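Novice: Sharing the record's features from Swiss-Prot:
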SIGNAL    1-20  signal peptide
TOPO_DOM  21-212  topological domain 'Extracellular'
CARBOHYD  22  N-linked glycosylation site
CARBOHYD  124  N-linked glycosylation site
CARBOHYD  135  N-linked glycosylation site
CARBOHYD  165  N-linked glycosylation site
TOPO_DOM  234-617  topological domain 'Cytoplasmic'
DOMAIN    283-563  domain 'Protein kinase'
BINDING   289, 290, 291, 292, 293, 294, 295, 296, 297, 311  ATP binding site
ACT_SITE  412  active site, proton acceptor
REGION    585-617  region 'Disordered'
């Protein structure tokens, strides 16, 4: 009898263990079926899966009160996701293509797993504001903008490190709001579009319906043609009558925007020129907080007392308003804790000031990184703050490259475009030079724009722009942050020297830590400082193929292992010889390895990152 009892106990333990190992996934993947599927390319599909998983988390949270599936179900959840993708992309491997790791699907922000844990971190006033602003249909622009703006108040309380890129701290507010602040739930059309950038798919048509569509289309085309002809005759007559009347140049008429509205997907607020004049005290010089080649930046206050920044562009013409409108619309749709939020815009023609083009952004309290490194501020930044700024810059740029749709290449990353909030969280700003990367292209030729010392060699020489052009600029800014030396300085002989060449000369001689500013407060461990220097040198390598991607940079900076990607030998200083650059532009792999006093090993990534057998320098 005792023997049988022992067998029963062993059998129970074994079956329980097996059940835990093969726990079914609690996420309901059928929820994603009504939503439009992506085009068959890696970047778009990965973004769809990322946002789709977040919508599933929200649906799961609404049903169970838990944000994430249990860790023991991670494998089955990935298998279920793979099965759902196989229906429209049969050869697409979710984890290997998108870089997802198995545990990430059950890991989130600051170990938060339940609704009560999340709400305990956020002030009741912020939760109440979100419940009020988000509890409506979010299909149109105004309620969506109001809802997402209220969610930004959650971010200061969700600043912990994220273990993966599936459900990070930046995404938790949207997951929570869709589940509980909005009574319609995450699967509602407006909620999914506003908070997860997912559109419902159009219903499929049968053969008979297609015929009806063709007939209807022809009828609409015929009617439209008649209307166009009628409108043309009306326009000609109206234009002729206007020539016989004196021009009306009143201020009210002049301040009308050339663009009356934006598209349905934008969350921008359109300000009148008079509103902005009032907010900036008629563009008073005392309100100027920044100057640049594209115009001045003014501080001001909105009617509700909110402090904002107004960037006023120079030398504008109404003819460029369409491109301007498209650019700000795309920028406004990109939301991340390390990107400066765009609140609104203004386009107007006035009788005295001429054509105006202005964007309205959040005002940050600690100025720019340039102010703290090279401005009048005397206090040195301590290492913990510099480390936070470096990580924030990297995460913001990585999101522009791989989280935004379409991906955005900034083109003008520099210290003055890295703004710092009250917690010294970095905000990547100034998208005036942003260039949108067309799907399927590895590079594009464009008019070179940027700032001396920060522009990548292949871009400066040939105008060929890729995400790795931004990586180069990031490396230069990171070196400035570590050394407190400007991008371009003069040596003892009065010759210009780039900070990248100066840093490389020290690293090559085994003096890596000499790059770090003397007397830095709260200086970190030598091995950590050395890792950051080597990452900066790698990013600012003159050869394109040698640089990592921003995703790889984030992983290296966040890693507790003191490893770094292999660094190839650099060619001649500042800008490599044209033959080397030519080869670099058309190449996607390189080799080389850097030894260091603390004994770094090569940190290799799959994909397009540099790796392989190396030559020690």
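Going from the start of the chain as shown, residues are counted 1 onward.
Glycine too: its Cβ is placed from the backbone N, Cα and C atoms.
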Novice: Minimum Cβ neighbour count within 10 Å among the glycosylation sites 124, 135: which residue?
Specialist: 124
Novice: Given the model, what does the mean pLDDT over the domain 'Protein kinase' (283-563) come out as?
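Specialist: Mean pLDDT across the domain 'Protein kinase' (283-563) comes out at 85.
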Novice: Using Cα coordinates, what distance in whole Å links residue 297 (ATP binding site) and residue 135 (N-linked glycosylation site)?
Specialist: 35
Novice: Looking only at Cβ atoms, how many others are within 10 Å of the one on residue 295 (ATP binding site)?
Specialist: 19
Novice: To the nearest whole angstrom, state the Cα distance for the pair the residue listed as 'active site, proton acceptor' and residue 289 (ATP binding site).
Specialist: 19
Novice: Hey, how far is residue 124 (N-linked glycosylation site) from residue 135 (N-linked glycosylation site), Cα to Cα, in Å?
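Specialist: So the alpha carbons of residue 124 (N-linked glycosylation site) and residue 135 (N-linked glycosylation site) sit roughly 16 Å from each other.
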Novice: Applying a 10 Å Cβ distance cut-off over all chains shown, what neighbour count does residue 412 (active site, proton acceptor) have?
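Specialist: Excluding its own Cβ, residue 412 (active site, proton acceptor) sees 23 Cβ atoms within 10 Å.
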Novice: Using Cα coordinates, what distance in whole Å links residue 135 (N-linked glycosylation site) and residue 291 (ATP binding site)?
Specialist: 41
Novice: Among all chains shown, work out which of the binding-site residues 289, 297 has the most CB atoms within 10 A of its CB.
Specialist: 297
Novice: Near residue 291 (ATP binding site), which residues of its own chain have a C-beta under 8 A away, given they sit six or more steps off in sequence?
Specialist: 297
